[in-house]
Amino acid sequence: MASMATTLTSLSSNPKPAFFDNKSSFHGSPISYRVLPIKVSHQSPTISMSSVSPYDLQSFKFEPIKESIVAREMTRRYMMDMITYADTDVVIVGAGSAGLSCAYELSKNPSIRVAIIEQSVSPGGGAWLGGQLFSAMVVRKPAHHFLDELGIEYDEQDNYVVIKHAALFTSTIMSKLLARPNVKLFNAVAAEDLIVKEERVAGVVTNWALVSMNHDTQSCMDPNVMEAKVVVSSCGHDGPFGATGVKRLKSIGMIDSVPGMKALDMNTAEDAIVRLTREIVPGMIVTGMEVAEIDGAPRMGPTFGAMMISGQKAAHLALRALGQPNAIDGNYTEAETMQPELILAAAETGEIVDA
């Protein structure tokens with residue numbers, strides 16, 4: 001693969017390799033740096049500010065621009081993205097924590113083009129907050145290795161870690177992911193249907209999200225399409241926009257049932273979500289909480305490790321479907337050095353972690 005100019009900036013002064021040189025925490029290969037756990041301190045933090053401003057705030061003035069230039073720049077670039085990704089390698093439907101983790105893992109291969117479809121204006125799903133609108137995010141070990149790879153600090157406990165604010169995870173993974181040249185996020189865009197050819201999912205039917213929500217009030221609002229070699233459905237649990245991928249598969253007879261997720265059981269749920277992440281029909285992989293809907297697995301509540309690892313597993317399943325090296329088949333770069341602690345426990349484990 002040709003070298004690319006995009007680089008990561010370390011927390012230290014040492015330069016880091018280009019993004020595709022970073023090794024995945026999914027298959028246990030070494031990564032470029034680790035972030036130490038947060039040390040709790042009761043001292044007031046100090047903020048240092050530069051004594052020299054890059055501009056004079058008293059007399060600040062922008063360079064002139066024509067309004068039409070702004071319009072043309074936005075329109076031209078978006079239309080070129082639509083043309084580029086009208087036929088792509090992977091389409092990920094849903095930009096929650098599982099979908100973003102999947103896209104991040106896929107984007108390490110610069111030869112794979114990844115389009116992300118998100119019906120909301122703001123991607124991230126429920127990963128902007130922890131449970132009950134609280135801010136902290138709990139991640140059970142060993143999924144914290146993914147946080148190390150992303151460079152996210154956390155408070156380390158015996159069997160889990162806690163991120164100060166869930167938004168730190170979501171904003172960090174998005175900032176790294178969306179900077180990569182082989183990824184495009186189409187937010188405020190809904191996947192209204194699937195493209196199916198000869199019993200294989202071959203893409204998605206798209207429309208502006210606001211149009212999708214108003215088909216009953218307007219007429220003649222036909223959709224667009226996006227062909228893909230692989231579709232990853234990461235639509236979350238059941239709801240107005242949830243589990244839409246598997247519900248559509250049922251309605252067209254490609255699967256028999258969508259029983260819905262069972263009551264909460266964290267210790268069973270997270271392992272089950274990762275284990276059951278798979279290609280459910282030819283051309284379509286299901287990841288995240290949508291897995292619980294199709295398999296009747298328990299809901300997990302406000303823990304997020306399974307979303308991250310399920311997304312990574314979905315990425316490697318997609319790589320396998322594309323004929324690329326992947327951790328599922330063990331032919332991914334340095335995959336043979338998988339660390340034992342990255343192999344999740346069996347779903348039937350009886351161990352319960354209590355803070």
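Positions of Cβ are set from backbone N, Cα and C atoms, glycine also.
For the substrate site, Swiss-Prot lists Glu118, Gln119, Gly126, Ala191, Asp222, His237, Met289, Arg299, Met300, Gly301; matching the candidates Ala98, Ala143, Ala321 against that entry yields Ala98. For Ala98 (substrate binding site), the number of other Cβ atoms no farther than 10 Å from its own Cβ, over all displayed protein chains, is 35. A sphere of 10 angstroms centred on the C-beta of Gln119 (substrate binding site) encloses 26 other C-beta atoms.
Checked against Cys220 (2,3-didehydroalanine (Cys)) by C-alpha proximity, the binding-site residues Gln119, Arg299, Gly301 yield Gln119 as the nearest. Cys220 (2,3-didehydroalanine (Cys)): 4 other CB atoms within 10 A of its CB, across all protein chains.
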